[in-house]
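To start, the structure under review is shown below, and the notes come after it.
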Amino acid sequence: MTNAMKVEGYPSMEWPTSLDIPLKASEELVGIDLETDLPDDPTDLKTLLVEENSEKEHWLTIALAYCNHGKTNEGIKLIEMALDVFQNSERASLHTFLTWAHLNLAKGQSLSVETKEHELTQAELNLKDAIGFDPTWIGNMLATVELYYQRGHYDKALETSDLFVKSIHAEDHRSGRQSKPNCLFLLLRAKLLYQKKNYMASLKIFQELLVINPVLQPDPRIGIGLCFWQLKDSKMAIKSWQRALQLNPKNTSASILVLLGEFRESFTNSTNDKTFKEAFTKALSDLNNIFSENQHNPVLLTLLQTYYYFKGDYQTVLDIYHHRILKMSPMIAKIVLSESSFWCGRAHYALGDYRKSFIMFQESLKKNEDNLLAKLGLGQTQIKNNLLEESIITFENLYKTNESLQELNYILGMLYAGKAFDAKTAKNTSAKEQSNLNEKALKYLERYLKLTLATKNQLVISRAYLVISQLYELQNQYKTSLDYLSKALEEMEFIKKEIPLEVLNNLACYHFINGDFIKADDLFKQAKAKVSDKDESVNITLEYNIARTNEKNDCEKSESIYSQVTSLHPAYIAARIRNLYLKFAQSKIEDSDMSTEMNKLLDLNKSDLEIRSFYGWYLKNSKERKNNEKSTTHNKETLVKYNSHDAYALISLANLYVTIARDGKKSRNPKEQEKSKHSYLKAIQLYQKVLQVDPFNIFAAQGLAIIFAESKRLGPALEILRKVRDSLDNEDVQLNLAHCYLEMREYGKAIENYELVLKKFDNEKTRPHILNLLGRAWYARAIKERSVNFYQKALENAKTALDLFVKESSKSKFIHSVKFNIALLHFQIAETLRRSNPKFRTVQQIKDSLEGLKEGLELFRELNDLKEFNMIPKEELEQRIQLGETTMKSALERSLNEQEEFEKEQSAKIDEARKILEENELKEQGWMKQEEEARRLKLEKQAEEYRKLQDEAQKLIQEREAMAISEHNVKDDSDLSDKDNEYDEEKPRQKRKRSTKTKNSGESKRRKAAKKTLSDSDEDDDDVVKKPSHNKGKKSQLSNEFIEDSDEEEAQMSGSEQNKNDDNDENNDNDDNDGLF
């Protein structure tokens, strides 16, 4: 009888289930059933085995049966008794057995460290004895490698394994045997490579094992699956384990691994809650079934920890670890212990015990330093323990190898954002360091957004949008802030989350800053609707914000709100400032009253920098000249007494120095020129001081850009202005950009910027000045490219600017300047047309320029009559008028006559060319018709010829078919001749006769014989009934002997001889009576 593990489709592995022991005194046999008859104490068998002098194999078979039934200690005891019976070399295999038995015991999960070490020591001692008897036996070699493996000496095990395999191959080579791979050595090598984390090499060996021995135990499919799992191919891993379980349903390792795969699939591949519930429920059910049979398996216990954690039973998670897993930790793989410790860390974290959580995460990393989740947990506990710098270091080290991890980018972004927002950190760090913190936070959070959106099936955490918006606000990039805050709003609306009041308020603020007052007002009102009447402070703030948005469109309403707010809360400084500002801006308050109010406000709040800044602005913009000096004094006092870093005071003083520098620059006095340079330097120093305090202060940055531009350093000025535009896209910034482009002679870009200002910022006050600047840009471009059209564009803009000043006083210097420009443009257009080639001008253009010249002369006369006009000397103006009335006018009239004659000539030439072209077209059409007709006739002729050829070919085919039929009939008659028997009798004679003929005379007969043979074979295939022929004297066929002989001779003949004898062969055919025709 045999015990077999049957695997469908493969041969079975079998162990003996019974043993027959012969009795020494008789020929009888004593049978032992190895399944049921094994005694609990192996000494009961010793008497029988010793008295009957049983062979060593009987002892080993019984011991092996004990081991197969889980009684390894009894098997060891039996073999130890056998050592007393056998001596010398017979003990070799016994020691080998004991080695493997002790190695097997050392793998037990419930052993202590001391017990495991004892078993390994016993295995080592027995292995030494076994090697002493037989060092080259493969069983001893494998045991040596296995011993190294269990002690964790993987490098030594690999090295030893390679040496043993080489020695075996060398022995095979010496013996003349073919070396074959040893499955057990391959299995050990695959396991060692896996432990060394060389998963690809390990996978290849496991696959090789599967090919060599598909029923090998342990199943290579489990190793294949483990390698695939480590190589991030979970689908192939699960398939491998499922196949192993299918072949052996009792394989515990395979069933546990399949269960792990089910848990993973339920979390990663569930498309909705329903599928997750079904998959997770099935996994839990399978866990329950497997755990009932393997309650001490550490992997299953760790899975139970996972289940209880998600259930919220954190104490049970900790109990499983401390009371069950920790007891057998020496026998558990480190990766399993690491996972179990990790869940303990999470449980402590959930219970709020962050110190113990930190310890458990550290313990998890000690067991497996690659445990990513444990590293994340460690960093989070550091945050909870207020170790922010340490947590950043932890996460940054983790980021080096996990850049694409969404959660890691989110955490790092939030940590750096927290440092950027922290007021204490801001005070103790420089502006550059603060900017670096901001940039790092944005880098990580924007990468988090990119990674999350790329998945297309995950929602972004709305807080990420909020923080990014806030970070861009610190950089004064309000448009970008608005974009991200709007995305946060969309996200909240999508998940139907109640929108916080703060989000609506901030959105409104960003819309206000970007100039969309209507949208801002609407959002402020939405926010106010969410506030209860009891929350008075929030209500007042929103009322103030609503008033700010209505200042442009409804000043009365804004003033009313400010008055209400200040009456209820007199200490609301911002409302009082805005109220006074509106009154002053609309001239609703007398200067003396305004001065009194401002002084009262300042006296009550002398140290308030907002009020001091407003007071400085008032002094600067009041009509009294004395206030300019007061403004300077006031700003200096602010810097000296109250705050040396006040941005408004510093910028105001810097602006003053710029004004002084400009005035000195106009003077021709060298001292004034030197004073101008010093003033510019002082202004630069003040602007730079502001930027040190606030790196994103756009007013200081624009001041620096203006100084660079006025110093002809246009490149740096342009770069700064572009950055300022990104933060504050207002009219001044765009105009300054246009000025720089104009100075750099990039007229196209300058024109584009001026036109953008006109479209985007519809400011009636500045529109005429911008139109004049736009005309100037077109004029500069026209001079460069010598284009009349560009002069016309410049003229159109200048005229539009002049029309907008109809209501202004005629004494305005700006109007005089524009009129002069218009007159000058008319003269310039006339001069350009006069000098241009007739090909590039028209009669109408010259006529228009004559009219324009008249208009220009009128404007010059008008300006000449004005006493206050002093742009150019009167004498020069009179010379221009005289030049226009005489030389210019007569030159234009001549140009007009020349142009008319030129255009008449051109018109005549065009008409003549058109006629010639039409005639050529008609001729060409005639040629084309002729060619088309010739082509058609040719095609018809070809078609007719083709048809005739087809008819002739058809006739030839029919004739050939008729000839073939007649030839076939003749062949049938010759084959059925009555002379067949006579011909058969003469075969030997003819053969001898023909062999004596010359080669020339036999050549034709060989060819004819070959032809006849073909016809004979055809007849055999047709299988027709032969009829007697009436053609006497002819034979129906040639003999096979003749054909064979003639074939041999034909192969020896040369091609030249064959060609020479063709005619002779034909004559011989007629003479010979051989049946050929």
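Just so it is clear, glycine is given a Cβ too, placed from its N, Cα and C backbone atoms.
The compositional bias 'Basic and acidic residues' annotation in Swiss-Prot covers 959-980.
For 1042-1051 (among others), the entry in Swiss-Prot reads compositional bias 'Acidic residues'.
Positions annotated as compositional bias 'Acidic residues' by Swiss-Prot: 1063-1077 (among others).
For SER1015 (among others), the entry in Swiss-Prot reads phosphoserine, with the evidence type a large-scale study or a structure entry.
What Swiss-Prot lists as phosphoserine is SER1017 (among others).
According to Swiss-Prot, the feature region 'Disordered' maps to 959-1077.
Computed over the repeat 'TPR 1' (56-89), the whole-number mean pLDDT of the model equals 87. Annotation comment: Swiss-Prot describes 56-89 as repeat 'TPR 1'.
Residues annotated as repeat 'TPR 2' in Swiss-Prot: 138-174. Helix first, then strand, then coil: DSSP counts for the repeat 'TPR 2' (138-174) stand at 34 helix, 0 strand, 3 coil.
Counting same-chain residues at least six beyond the ends of the repeat 'TPR 4' (218-251), those with a Cβ under 8 angstroms from any Cβ of the stretch are 5, 7-8, 10, 187, 190-191, 194, 197, 199-200, 202-203, 206-207, 209-210, 257-258, 261, 264-265. The feature repeat 'TPR 4' is assigned by Swiss-Prot to 218-251.
Marked as repeat 'TPR 5' by Swiss-Prot: 298-332. Residues 108-113, 116, 256, 259-260, 263, 284, 287, 290-291, 339-341, 343-344, 346-348, 350-351 of the same chain sit 6 or more residues outside the repeat 'TPR 5' (298-332) yet have a Cβ under 8 Å from a Cβ within it.
Annotated repeat 'TPR 6' per Swiss-Prot: 338-371, in sequence order.
Residue counts for the repeat 'TPR 7' (373-405) under DSSP, split into helix (H, G, I), strand (E, B) and coil, are 24 helix, 0 strand, 9 coil. Annotation source Swiss-Prot lists repeat 'TPR 7' at 373-405.
Among residues of the same chain six or more beyond the repeat 'TPR 8' (421-455), those with a C-beta under 8 A of the stretch's C-beta atoms are 403-404, 406, 409-410, 412-414, 464-465, 467-468, 470-472, 474-475, 691-695. Taken from Swiss-Prot, the feature repeat 'TPR 8' covers 421-455.
Taken from Swiss-Prot, the feature repeat 'TPR 10' applies to 501-534. With a threshold of 8 Å between CB atoms, the same-chain residues lying at least 6 positions outside the repeat 'TPR 10' (501-534) that come near it are 466, 469, 473, 478-479, 481-482, 485-486, 488-489, 492, 541-543, 545-546, 548-550, 552-553.
Summarised by DSSP class, the composition of the repeat 'TPR 11' (540-572) is 24 helix, 0 strand, 9 coil. Per Swiss-Prot, the feature repeat 'TPR 11' maps to 540-572.
Within the same chain, residues 475-479, 647, 650-651, 654-655, 658, 661-662, 665, 680, 683-684, 687-688, 690-691, 737, 739-741, 743-744, 757, 761, 763, 766 sit at least 6 positions outside the repeat 'TPR 13' (699-731) and bring their C-beta atoms closer than 8 Å to a C-beta of that stretch. Residues or ranges marked as repeat 'TPR 13' in Swiss-Prot: 699-731.
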Positions whose Cβ lies under 8 angstroms from the repeat 'TPR 11' (540-572), at least six residues beyond its ends: 505, 508-509, 512, 517, 520-521, 524-525, 527-528, 531, 578-579, 582-583, 586
For the repeat 'TPR 14' (732-764), sequence-distant contacts whose Cβ falls under 8 Å of one of its Cβ atoms, 6 or more beyond its ends: 698, 702, 705-706, 709, 712, 714, 717-718, 721-722, 724-725, 770-771, 773-774, 776-778, 780-781, 784, 804
Cβ contacts under 8 Å made by the repeat 'TPR 7' (373-405) with residues that lie 6+ beyond its boundaries: 338, 341-342, 345-346, 349, 354-355, 357-358, 361-362, 364-365, 411-412, 415-416, 418-419, 447, 451
